[in-house]
Amino acid sequence: MTENCRIMIIDDEFIMRQGIRYMMNWEQEGYEVVGEASNGKEALDRLEELKPDIILCDIAMPVMDGLDFIKIVRKKYPDIQILVLSSYDRFDYVRQALLNGAADYVLKPTLNPEMLLNMVSKAAQKIPGLQLKKKEFSSLDTRLEQYFTGNDEKIKQWEFQEVFTGSCFRLFVLPLRRRDKRGTDLSPVLYEKAEEMLKEQGWGTYLKFVLNQETLCIVFNYSVKDEKRMLECMETMMEQLSVLYEQCFGILGPKRTDLESLKEDFEKSGILEEESFYHEGIHLYIQQEWDKRETCGKFDFRRFVEYLGEHKYEDAIKLFHKYLLSAGSCRVPEFKLKNQAKNLLYNILSSTEEQTAELEELRKEYFEKIEKSVYYEEFREVLEELTVRLKDILLRGEGQDVYLKEILEYIQIHYKEEMDLQSLAETFGFNYSYLSAYFNSHMGEGFSEYLNRIRIEKACSYLGRKEYSIAQVSAMVGYSDHSYFCRVFKKSYRQNAKCLQT
């Protein structure tokens, strides 16, 4: 029998297959991953070609599931050892798989290199005549992964001399665990497209591995003269990947002159995967040096609780709003920002026993909106909208519309001047989105509609005196365009402005 034990991986999730393939240095332990399949039928079609000794097989798969596959293999190929991959909620299936002839099973969520190697080794011992011959050296891809993940403290650069002949190095990280709106796993398509494009490039060499079954990590090596070509190639690749998945986001680290420097970049790349949340429309995040983020101050939870306990809801909401904007400006990781928003919102809504049904609906609505916000700007719009809604409900009937009174008074005084919502927001120190939602909520109409209404009302009083021409009145109430004034007037009163002068 061959010195390497031949392993086949069957799982409908591409990321899971890649994770197992790159989870450890198989060759060094005397094993060889000879192939993969995404379901039982596809695996059966390839058994004669691949001739595996051990099969790692998922249970729940499309076309042909693991249970049917195990029955067929045990009858036709009784010497093949089958190890079952299972989720926590599939134990009934695991029991049936063991009855059908599977050698052992492992829970996917707990899978790690030591556990996997131990299980595979036990299965290998049951194969007649097999003697594993462990290899002294592992593949370069694996050695690179082991160095980056801390399993090897040092890296021997001379081992990579034949592959890496250029003077420049860059680390590229691409999260693969993506699904479309229908829930389809896009990781195999993204991986294969990236691989296809990289094979076509002619500016350097690379080594790659998949980290934790979800992130493609690539080390590029190239000459200084090829820097521009390399960047153009990466931009093109990410643009094409974004066609497959709109939020596709890759991180290209700073240019380095040795492999050892990339370890620091690798350790920080996990943080930067969250950068996609803060960079709408950007698919390749290129860095000269790793970003230095501002440290976000700690939320004053004690004061927040005091405000809620004293029913000072306006102060509590202001603190909530200000902190989340500050956290966003410091680019706090997406999951942390969203969880903080939901936790603080829950505290606000739980502090009052009034309007419980209305507040519960608000909680459900905005928990969902917060979670579904893809980019920070979208999250911020949700936050502004939520702040207005909270004030509207919690401050209802308390005479708290001081801001609105000041804004309306300002419009009454300055209506004839050039004015828009942005300038009004700047005057009162509001965020544009917040003021828009606030105005709509309290006035039942948008700012532009309200301003037009005030101007037309003023125009009517001037026109009724019959002292001024329509063009003069138009300018007097803030319209520089006479024809636009006439259109707005007719829309409001369903008659021409001239009618008031006759």
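Using N, Cα and C of the backbone, Cβ positions are placed for all residues, glycine too.
Record note: among 109-156, 157-204, 349-396, 349-396 is the stretch given as coiled coil by TrEMBL. Sequence-distant contacts of Asp58 (4-aspartylphosphate), defined as residues of its own chain at least six apart whose C-beta falls under 8 angstroms from its C-beta, comprise Ile10, Asp11, Asp12, Glu13, Met16, Gly66, Val84, Leu85, Ser86.
Asp58 (4-aspartylphosphate) falls within a strand segment according to DSSP. Under DSSP, the residues of the domain 'Response regulatory' (6-123) split into helix, strand and coil as follows: 60 helix, 27 strand, 31 coil.
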